[in-house]
Amino acid sequence: MSHYEAPIRKPLITGDKSYHDVTLDVVRPVEGKANKSWWIVFSISLIAFLWGLGCIIYTVSTGIGTWGLNKTIGWAWDITNFVWWVGIGHAGTLISAVLLLFRQKWRMSINRSAEAMTIFAVVQAGLFPIIHMGRPWLAYWVLPIPNQFGSLWVNFNSPLLWDVFAISTYLSVSLVFWWTGLLPDFAMIRDRAVKPFQKKIYGILSFGWSGRAKDWQRFEEIHLVLAGLATPLVLSVHTIVSFDFATSVIPGWHTTIFPPYFVAGAIFSGFAMVNTLLITMRKVSSLEAYITHQHIELMNIVIMITGSIVGVAYITELFMAWYSGVEYEQFAFLNRATGPYWWAYWSMMTCNVISPQFMWFPKLRRSIMFSFFISIVVNIGMWFERFVIIATSLHRDYMPSAWTMFSPTYVDIGIFVGTIGFFFVLFLLYARTFPVIAQAELKSILKSSGEKYKKIRAEKGDDAPLHDPYKQEAKPDFTNEFNK
Amino acid sequence: MASKVLQAIYTDDDILMEAVKSVRANKYHIEEVYTPFPVHGLDKAMGLKETRLAITAFLYGIVGLVVATAMMNFIMIEDWPQNIGGKPSFSFIENMPSFVPIMFELTVFFAAHLMVITFYMRSKLWPFKKAENPDLRTTDDRFLMEISVNEKNHKELTDLVYNSGATEIKLKDN
């Protein structure tokens, strides 16, 4: 069996790891006890979540008037947060689907957590439109139900309804993709579990996975097809989110560049969030051998490229506003850059266009601390991008007497902080109970991309046997069993 | 007499592959192989047929497309046509561009979910299903091959399996 991989490729699994070592490293956070820092971060997140929950209850029981919205700015933090979270939720499927189609092996140690992040982020995103309905118990009215039931059918011409279908398809398909990949890893934890309760729980979660050759054959086919389906899906989701704006007639929203520009921005912010989470997780859960400097560098390169695409989109928007000759469009963009919200515009420009350019320097993109810092900066910048597009385009409309500013109330802020808390609560619970690395898949590339085996090949040639020495038990004789 | 199987445990995927090839070359019947991760080429070496799940996904996708088209045609064109913003909905084909996003989404929705459900049914995977791997280590780092065996061939087969590098060999009732 040849496991050849060009020696120039850096190892994706460092250290002398055998198959069993991978198992041990992946189950350690699950079987071990949580340390102090986990409890501290978890408590802070839980408090933020509960605070947000309180603000949501207050909003729903009192009304949307508790937010800072006004007659001119009818959409502000709610939809900003919605788009921000959906954008973050793009990296997971991108990593597991697009990188699978491109056969990028480095995806294997990060796809599990990136997909978890995707699902948790989309959950946060979904909260905002539902709260903004004011009467969330009528949320099912977005479903195509007969008009005898409510007032009318839903309107299939509306981008807001397209969003309902896009986000729910994305969430459910990502969930299934994630769970199917989890089955063998849950089975691994199940088969190692000593306590009956754990064995029972992981037995249920693993759906009775047994690892037959036929199951694996189907498993791989399923993943390939799901990746093929999820790739256009992930691109369609943010395209459709951008249609919420692009199909309107508001200057600053009414631009054809929105779909690719939003998708690039989504990948940009999603990868930044993956970097934020994984740089922390590799340290806390001692996974440095699997989430290596090489992984972080590759993600930084994706951040650099998508950040540059976003930068080109910003400049194209400015150019098109001028070139169109439409004075309202020109005003909208001039007002963004030099109006009362100039600070939001220039924060966005600095965080999203300038900061990723540092990644051209190998020294900087290989620095863990610097990558972590930039990943936070990028997500702040991407929040400002949505705020700039949404609130700044609305605050000075066609009628100067209606011009106004937006100031968030503590409820606006509370709900946003609450979703961040909720997101981290989910992610921290995940980090302690789920196999955070797709260990089964990773084992399949251990011989081609593991440092140990790369070394053996370098020393003994490409055809050297790659198995560890093994001890055979004495050869049994079954004559007695057959003569019974 | 109940049929019996020989369970041979290996510690490495490369050794397993060689063993599978030699067992097949000697015309023995491999009942099953349990592995902790997808060993590439194992299905071909065992002589398994290719899976047809991708074809089902294609068919399910067509179903999704048809459902989306029929649903939107019924709701927007036949049952309650409206004049929205001066764009009357009296013809499906004229309105089709604004239906494309949902036609796409439902195609993906049906293809993905129904294919995965088919996979779960075919591979017998669902909550509360009991796992059937005969050795707990096969989800960690061991590879287990089951070969049907009888009174006549058990000696030769044990020799063959032993020489192929099996670390443990057991006899089980099938």
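Positions of Cβ are set from backbone N, Cα and C atoms, glycine also.
Heads up, TrEMBL stuff is auto-annotated, nobody curated it.
The structure displayed is predicted, hence computed values, not measured ones.
What TrEMBL lists as transmembrane segment is A:38-62 (among others).
The feature transmembrane segment is assigned by TrEMBL to A:82-102 (among others).
The transmembrane segment feature in TrEMBL is assigned to A:114-134 (among others).
Residues or ranges marked as transmembrane segment by TrEMBL: A:160-182 (among others).
The transmembrane segment annotation in TrEMBL covers A:222-241 (among others).
Feature annotation from TrEMBL assigns transmembrane segment to A:261-280 (among others). Counting residues 6+ beyond its ends, the transmembrane segment (A:261-280) has Cβ neighbours under 8 Å at 83-84, 86-92, 94-95, 110, 113-114, 117-118, 121, 235, 238-239, 241-242, 291, 295-296, 299-300, 302-303, 306-307, 309-310, 313, 317, 352, 356, 368, 371-372, 374-376, 378-379, 382, 385, 427 in the same chain.
Nonlocal intrachain contacts for the transmembrane segment (A:301-323), taken as residues 6+ away from its ends with a CB within less than 8 angstroms of a stretch CB, comprise 255, 257, 260-261, 264-265, 267-268, 271-272, 275, 329-330, 332-333, 337, 348-349, 352-353, 355-357, 359-360, 365, 374-375, 378, 385. Positions annotated as transmembrane segment by TrEMBL: A:301-323 (among others).
Residues of the same chain lying 6 or more positions beyond the ends of the transmembrane segment (A:343-361) and with a Cβ under 8 Å from any Cβ of it are 265, 268, 300-301, 303-304, 306-308, 310-311, 314, 336-337, 370, 374, 377-378, 380-382, 384-385, 387-388, 391-392. Per TrEMBL, transmembrane segment is recorded for A:343-361 (among others).
Here the transmembrane segment (A:368-390) has long-range neighbours at 75-77, 79-81, 83-84, 87-88, 245, 252-253, 265, 268-269, 272-273, 275-276, 279-280, 293, 296, 299-300, 303, 307, 310, 336, 341, 344-345, 347-348, 350-352, 355-356, 358-359, meaning same-chain residues at least 6 beyond its ends whose C-beta is under 8 angstroms from one of its own. Marked as transmembrane segment by TrEMBL: A:368-390 (among others).
Per TrEMBL, transmembrane segment is recorded for A:410-431 (among others).
A Cβ distance under 8 Å defines the sequence-distant neighbours of the region 'Disordered' (A:459-484), meaning residues of its chain 6+ beyond its ends; these are 1-4, 18, 447, 453. The region 'Disordered' annotation in TrEMBL covers A:459-484.
Counting residues per DSSP class in helix, strand and coil order gives 7 helix, 0 strand, 19 coil for the region 'Disordered' (A:459-484). Within the chain, the transmembrane segment (A:410-431) has long-range Cβ neighbours (under 8 A, six or more residues past its boundaries) at 29, 38, 41-42, 44-56, 58-59, 66-68, 76-78, 81, 85, 113, 116-117, 120-121, 123-124, 127-128, 131, 277, 281, 284-285. Ranked by number of Cβ pairs under 8 Å to the transmembrane segment (A:114-134), the listed stretches A:38-62, A:160-182, A:222-241 are led by A:160-182.
Counting residues 6+ beyond its ends, the transmembrane segment (A:38-62) has Cβ neighbours under 8 Å at 127, 131, 134-136, 284, 410-411, 414-425, 428, 431-432 in the same chain.
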